[in-house]
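Comments concern the structure below.
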C-alpha cells in the first residue's frame, strides 16, 4: 500500500462549518449566561481542533465575532435549503471509509455528529473523500452515485440537541491545585495558568504577555485605537462587549454576583472571586523577592514596586510620585478642593470614603486585624503589617544614602531628614 502524505491526510479532514454550533433566536434566548459562555468555549475549541490538523483554515466570521464578544450567528430554520453530503467522509488521518472506534477520539464523534449544515458566515472549506475526489458525491465501484441528503433544518435540530447535551454534561476535569472543575481539558489548561503564571501569548507591538488568547485580542485593540462598544449613558467606549456590559451595571446598580459567605454583591465575577479569597485565606500570588503571598495579582504588582523603588504614578500638580493609582487619586483630591467625606462623630473630613471608614474605627473601637503571633489587634491592615515585622525581623525599607534598613517607611523618612538638615543628598 502506498504511503499517504501528510498533505493528502489533511485533505481528508472535515471543515469548520461541519463542527460549528448553530442556535436560533428562540434557542439562544433560553440559554443562561453560563451556558452562553460554554457555547463560546465549544465553538473556539472546535475551531482550534480544525486548525491543529494543519489545514490552512481562514478565521471564520463567527470566530471573529466571538473573540470580540459579539453574539454568535443565528439562522432562521424556515425555508432551509437542501445540502448533499457524501455518505462516508473520513474524519481520521488514515484513508479509511469510516472510523471503527468512536471512542478513540472524542472530538471525531462530535465532528461526525455535526455534518449536514452550511453557514453564511463560515466560508466553505473543501472536503475530500477517502478516494481523493473532492465534492459532494462518492462513486461506488459499480459507478453508481450514492448521495445522502440532509436538510439544514434537520442538521440544525441535530446540532441543537447535541449542544444542549454538551451544556448539561458533568464537569469531570478537576484542577489539582484548587479543586475547581471544568467541562473540558482545554478549559482546565487555561485555568491552570493562573497557578503557574504562564503567559504564552505575547503582543508583538509592546511585548506584553497574556495567559489567554482572548485577553491578547482585547489588548491589541488598544494599539489600533478601536473601541467599537459605546455606553449609551455616558458615551464611554470599550474594546469588547463584555467590558461594556460590566460597565453598564454601574449605571443600573445591578450586582448579580453575590458572596455565599457574607452576602456582599459585585458587578462582575472576577471581583467576587478576589473577594472570596478573604474568606478562604487563599493567597496564590507570591513575590519571588521576599516570598510574601497575596490574594490579588494587582496587590502583588504594587508590592513588587517596593523592591524596585519605582513609583510610576506621578501627580501633575506637584510632581509627587506613588506606587498605586489609587494613592495618586487620593492625593490629587487634595489639590481639587475641600474634602467631601466628613466624620459624624468628630467632624474631621477626608478626601475619600476609604480614609473616612478607617478613621471611624477609632470611634467604634473596631479592630478586625489580629496578629496570629501575639494576638494584638489593629484597626487597619497596614498597621498589622508593620507590627508583624517585629516578629519576622523584616526590614524592607533601605536608606539610599547610607544603606541602613528599617521596618517601616516612616522610620526611613525620619532617618533621611537628618541628611537633609546636613545638606547631604
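Our numbering is plain: 1 for the first residue shown, then up by one each step along the chain.
Quick reminder: no glycine exception, Cβ is built from N, Cα and C everywhere.
From a predicted model like this one, the values you see are computed outputs, not experimental measurements.
Zinc finger is the annotation Swiss-Prot gives to one range among 55-77, 285-307, and that range is 285-307. Annotated range for region 'Disordered' in Swiss-Prot, selecting from 86-110, 186-210: 86-110.
Taking every recorded stretch in 173-195, 229-251, 313-335, 341-363 and counting its Cβ pairs under 8 Å to the zinc finger (369-391), the highest total belongs to 341-363. Count of Cβ pairs under 8 Å against the zinc finger (229-251): among 257-279, 313-335, 341-363, the largest is for 257-279.
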